[in-house]
Amino acid sequence: MVKKVAIIGAGVSGLASIRSCLEEGLEPICFERSNDIGGLWKFSDHAEEGRASIYKSVFTNSSKEMMCFPDVPFPDDFPNFMCHRKLQEYIVAFAKQKSLLKYIQFETLVTSVTKRPDFSITGQWDITTEKHGKKQSAVFDAVMVCSGHHVYPNIPKESFPGLKDFKGKCFHSRDYKEPGIWKGKRVLVIGLGNSGCDIAAELSHTAEQVMISSRSGSWVMSRVWDDGYPWDMLFVTRFQSFLKNKLPTAISDWWYVKQMNARFKHENYGLMPLNGTLRKEPVFNDELPARILCGTVSIKPNVKKFTETAAIFEDGTKFEGIDCVIFATGYTYAYPFLDESIIKSRNNETTLYKGIFPPHLEKSTFAVIGLVQSLGAAIPTTDLQARWATQVIKGTCTLPSVKVMMDDIDGKVGKNKKWFGQSETLQTDYVVYMDEIASFIGAKPNILWLFLTDPVLAVEVFFGPCSPYQFRLEGPGKWSGARNAILTQWDRTLKPTSTRIVGDLQKPYVFFHLFKLFTISILFIALFLMLI
């Protein structure tokens, strides 16, 4: 029996879900409220209600070899970190290559998703949609929610006394598009996340003065890592993940802080996190430290209160004559079409098994794709989630008991608070999470077997970048080109920067990095053992 699956949203997670449904012989129907695919990465010159919004100058934080769909590498000449136009070009090309567009109903808003009266038997859902004022209802065998979590802005105005008296402009970062209108102005950005830092750095070229107010600080990383290679090609590896999770906590914490401070000392710039050992997702910005050095951006603590024209900070200092306050304070996840009983929340924590399945449903026919966050790329994460979810919907894979799922959720919540902080309940360890999901569908690489049968590939898989191709080496959805894609990933990385050839291209020497990391680890294990 063909199962009809409703997919809500045609961003990257929606496209991954359509493709996975087709691979499993399911019948997908995707509802997209806008007139195009791409979701977050489809730029519009004005913010639209109910849609994610990005600014004109945004660039990806993951490099192309780490963020592609696992069987569709980016073209060789695409830059490693790309603007929204280039990424949208790739997304459209992927959708056309996989013939996904015909399964999407554009300009269609999902207004209601409810369990049918016989849900405990059939697992079916009633879905109501609206297009051009006309409502329609249909029955679906399963639902995959792919609407993202960058839609509903979080503006904690109640946390800032006096804000209602402030006479200048005040808006969320989702409404920011470009710096032109703020030329010569004095701007306060609240929030030290990716958007806040990008906007502040960009405004600092034309504004009179820019200040960033941060409650807790943040690590700021560069996209350019050791020897000029993309950060994630060296940072997100199985070997590093192994060391991070197996070394004593004191050594792992020291190593993490040392990596974060490799470019500059954060305490000297006012950026140092209150708890520097938390693995909270860092900010990626190549320009912010230079703008601080040049004096065009200043970092300040939390705002104590506002006056009509100024902000008074908790350290007693004041920023006067403010023209604009931009809240780069993140987003809240919300599903207005969904009854609150479907995705339950405890103490502001989402109770989803592996960040995907509500554990209490009688039938496993509902999945949320793309909600979890990690220090890794979104596209391969959503691709793997969708592959597992569609196998669960089809019945090829089964979920454990409610008790087992709740115990897993409780355990993850405790670990996440320890590793990522109280507020980062959706964060996860990228390599560990990807391997966990891959193991459910038989797609996790067998490293030991690879070392015995294909040592050249094994070295790249374990010590090199944990690139998406690894999760198409075996199992359902296996891609015959995965091995070659892994062995040639550095060629595609170096291609767009090699526009003036001055010698042989230098790929990173895996064993040099291995030796360096291994030596450091041994030295500190020895020191640790001497001290205990």
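Backbone N, Cα and C define each Cβ position, glycine as well.
What Swiss-Prot says about this one:
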- Gly9, Ala10, Gly11, Val12, Ser13: FAD binding site (BINDING)
- 512-532: transmembrane segment (TRANSMEM)
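On the structure: features taken from Swiss-Prot.
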| residue | record | Cβ within 10 Å |
| --- | --- | --- |
| Gly9 | FAD binding site | 28 |
| Ala10 | FAD binding site | 31 |
| Gly11 | FAD binding site | 28 |
| Val12 | FAD binding site | 31 |
| Ser13 | FAD binding site | 29 |
Problem set entry | Gly11 (FAD binding site): secondary structure state under DSSP, collapsed to three categories | coil
Exercise. For FAD, what surrounds Gly9, Ala10, Gly11, Val12, Ser13 with a Cβ no more than 8 Å from their Cβ centroid?
Worked result: Gly14, Leu15, Ala16, Ser17, Ile37, Gly38, Gly39, Cys146, Ser147, Gly148, Gly370, Thr382
